[in-house]
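Participant: As annotated by Swiss-Prot, active site, proton acceptor applies to K41, Y256. If you look up Swiss-Prot, you'll see K41 marked as N6-(pyridoxal phosphate)lysine, on the strength of sequence analysis. Summarising the annotation, Swiss-Prot assigns substrate binding site to R135, M304 and lists sequence analysis as the type of evidence.
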Amino acid sequence: MLTSVRPADVVLEIDLSAIQANFQTISALVGPQVRVAAVVKSDAYGLGLVKVAGALIDAGCDLLFVGNLHEALLLRSSHISAAVAVFCDEFARYGEHYRSNGLIPVVNNSVELDAICGAREPQAYFLNVETGLSRLGLAFDDVRRRYLGGIFKRRPPSVVLSHLACSERAGDAMNLLQWNRFRATSDLLKPTLLSLAASAGVWLGKRYHFDMVRVGSALYGLNSAGIRPNPLKPVVGVKAKTLDARNVARSEAVGYGATFRTGRASRLAIAGIGYKHGLPWACANKISVRFAGYSAPLVGRVSMEYITIDVTDVPEALCGPGTNVELLSDDFTVDDLAASAGVHPQEVLTRLGVGCARQYLDGSSASAGFPGNLTNAGPGHDPRAILG
């Protein structure tokens, strides 16, 4: 009978104090008159919803945005009492769960708006309006028609929000176009509070801040707007273990497809991390890792559970079986890894969060993904049971 399991060999280290510092940086940027809401959807971008939410509340955050009702109920079952808004889930179906748990639905279409306004009890809600992303939200004509019908006088939204499509590019004409559309729509709903900017949008200037900004990726150290020098603290590191090391001759092929051949007699180390853990397949032959400060290139393709590293110039005592391999650090961040692979940093972060064992710098740990975190829920409060 198996009674114990050795610790995970691939660890995602998460610095909660860095998340708090990034929250304070954004708060200082927008000023005290602008509310900073934290976006913790998708399990806090893979970093652990409950842990991250608690750290943000300790830093002064009083409003959290989650992706769905499942996440909202997980927060409530974990005794998170801050205001929680749900980006997208069925109020018409789950209205009682919203009301009994003090949750705020984001209304994205006319069906949801009718359900809100037709409810016997008043329900606070945020109204999402479509300004150019072509994803979710009421179009201007729908808002105007409902305005003329008096629905917003009877049940006004607490906040009107929209989402910028091109905020990572400060000079893109879409930003001003969406600002003008948002302003035209929101003018119908005065004096409702307004929110347009997310993480990259906060760097577009005060006119985009309105009453509230919704910050996600910036909290987790991602500099999607490319601000230099980067004012955000790195939040995560990734470490794996060396499994084996071997000497090979010059001109030997390495990995699937023989995409790399040794240019000299070389020593190669095999580390137990691959695309299963969230390391992008496309970073093959493009990045370097570290052994106790020594840099060594990844050579050959990224496999499902392994990578190969040229450690010829690393002292053997530092790169033998069982030694640590550092893939992400303050010097080589998620942004850098994503750029090397030609993918979005948010994709890299969320995949690492699912594929690696999380370890928080306060010494605690958590399993990746929701099933492990649901152990925080009290008896009878499993969100999966509530929602069926």
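Using the three backbone atoms N, Cα and C, a Cβ is placed for every residue, glycine included.
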Participant: Please work out the number of neighbouring Cβ atoms within 10 Å of the Cβ of K41 (active site, proton acceptor), leaving out its own Cβ.
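Facilitator: So the Cβ neighbour count for K41 (active site, proton acceptor) comes to 18.
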Participant: Measuring CB to CB from R135 (substrate binding site), give everything in the same chain under 8 Å that is also at least six residues away in sequence.
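Facilitator: Same-chain residues close to R135 (substrate binding site) (Cβ under 8 Å, separated by 6 or more) are H163.
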Participant: Fill in the CA-CA distance, Y256 (active site, proton acceptor) to M304 (substrate binding site), as an integer in Å.
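Facilitator: That separation, Cα to Cα, works out to 11 Å.
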Participant: Would you count the other CB atoms within 10 A of the CB of Y256 (active site, proton acceptor), including those on all shown protein chains?
Facilitator: 11
Participant: Pop the Cα-Cα gap between K41 (active site, proton acceptor) and M304 (substrate binding site) into the table, whole Å please.
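Facilitator: Cα-Cα distance, M304 (substrate binding site) to K41 (active site, proton acceptor): 27 Å.
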Participant: Can you count the other CB atoms that lie within 10 A of the CB of M304 (substrate binding site)?
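Facilitator: By my count, 9.
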